[in-house]
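Working notes for the structure below.
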Amino acid sequence: MMRFLDGHPPGYDLTYNDVFIVPNRSEVASRFDVDLSTADGSGTTIPVVVANMTAVAGRRMAETVARRGGIVILPQDLPIPAVKQTVAFVKSRDLVLDTPVTLAPDDSVSDAMALIHKRAHGVAVVILEGRPIGLVRESSCLGVDRFTRVRDIAVTDYVTAPAGTEPRKIFDLLEHAPVDVAVLTDADGTLAGVLSRTGAIRAGIYTPATDSAGRLRIGAAVGINGDVGAKARALAEAGVDVLVIDTAHGHQVKTLDAIKAVSALDLGLPLAAGNVVSAEGTRDLLKAGANVVKVGVGPGAMCTTRMMTGVGRPQFSAVLECASAARQLGGHIWADGGIRHPRDVALALAAGASNVMIGSWFAGTYESPGDLMRDRDDQPYKESYGMASKRAVVARTGADNPFDRARKALFEEGISTSRMGLDPDRGGVEDLIDHITSGVRSTCTYVGASNLAELHERAVVGVQSGAGFAEGHPLPAGW
């Protein structure tokens, strides 16, 4: 199991910034020889779970992340009918092709500009009676009257291919194409999807997270109030693949009762629950019937719990202790919160997490549900907010009477409005997944691990000063 460099854990708790991994002798020759799949029942083939945050987890995010091997957990405040629609949408998506934004020929340039950035590939497909007739790029819309019809500006010189064409062939066809996106059609000529050159490469690297029927996987969260069992059953009937019982303070009797109620239904789905930061909390949740425990109180970017209450724990130490306790009972943990760099993912996995939950980092992507906005310097951003914030509480308590709703809104513990800028080099969630998995694969080669279990077994972790952490930062502007 993971050990500390000097053989002894320090007498104080640690964050991800406080620690580093020491390289070991390795026989792993290539990053592509590393298996990133997990064994916690979630079905992920990369250790990435998207947090159940309204500003992050929607159907575009769910489709895209599952295609690359992760899974999205839909937020608990999403109504059951909306969950059903989202699950049906995601499970009907192609395992290779992206679902494009579509426009009718008479839609306006203004309509196109509002929709193009819903997807990272940067185009919208103009369709007539289900068949593609052109592509619209952002550059096509610049300097054009916003009421112009898209049929008048659509690009008609683009690569087409039948659905089922090998991604490598699509890659080759796009080498000298004027638009870096191929449009694929079914036998009757109707639109099947699109694929970019980068998407074609990714199709050969990632394995989609799929259910027993070969469809993309998706999860959903439920809170601990009301008839939790009925809500969980409704989510299972909607077709979700993973259930998450979610509350800020998971180590309470109400959470344990909710876990027992859902576990007793025997729905045949993996059950995650949280959040906790101690071995005792982990054991209690697993004994109540959870298969996976979510670990983290206060490390998230949108969370103010520690500053409001003084409650929480540095995340690396919390993950390390809880993972050890879970392993003794045959359970697993997800490291939830505090992830800002690929190294943090690697450290959480080295400490024993089976998956890492990411929220705010993914809010600043094309695939997150929010609208793309621009600041005064024309830099793109999206809004994010915490799930215990006033904004989220108001949305979640919409069915309450006005007095109760106002009373609950007084006790928010999160940021209601935050700007997450889109990285110009990594604007899509797939770009961030590439960034993360590349880092974790490299970690494994440095450690001599061919899979995540071996990473945890072989990792040697040291403790560093703030200056040590700063030393590891690149200096692109020199010094």
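Glycine is treated like the rest: Cβ placed from N, Cα and C.
Here Swiss-Prot flags 96-153 as domain 'CBS 1', drawing on sequence analysis.
Among the features that Swiss-Prot reports, domain 'CBS 2' is placed at 154-212, with the record citing sequence analysis.
What Swiss-Prot lists as NADP(+) binding site is Asp246, Thr247, Ala248, Gly296, Val297, Gly298, and the listing cites similarity to another entry. Val297 (NADP(+) binding site) counts 27 other C-beta atoms within 10 Å of its own C-beta, drawing on all protein chains shown.
Cβ neighbour count for Cys303 (active site, thioimidate intermediate) (all protein chains, 10 Å cutoff from its Cβ): 25. Among the features that Swiss-Prot reports, active site, thioimidate intermediate is placed at Cys303, with the record citing similarity to another entry.
Our reading of the NADP(+) binding annotation (Asp246, Thr247, Ala248, Gly296, Val297, Gly298) yields a largest Cα to Cα distance of 14 angstrom. Burial estimate for the binding-site residues (Asp246, Thr247, Ala248, Gly296, Gly298): highest at Gly296, by number of other CB atoms within 10 Å. Asp246 (NADP(+) binding site) sits 15 Å from Cys303 (active site, thioimidate intermediate), taking the Cα positions as reference. Counting in whole angstrom, Val297 (NADP(+) binding site) lies 9 from Cys303 (active site, thioimidate intermediate) by their C-alpha atoms.
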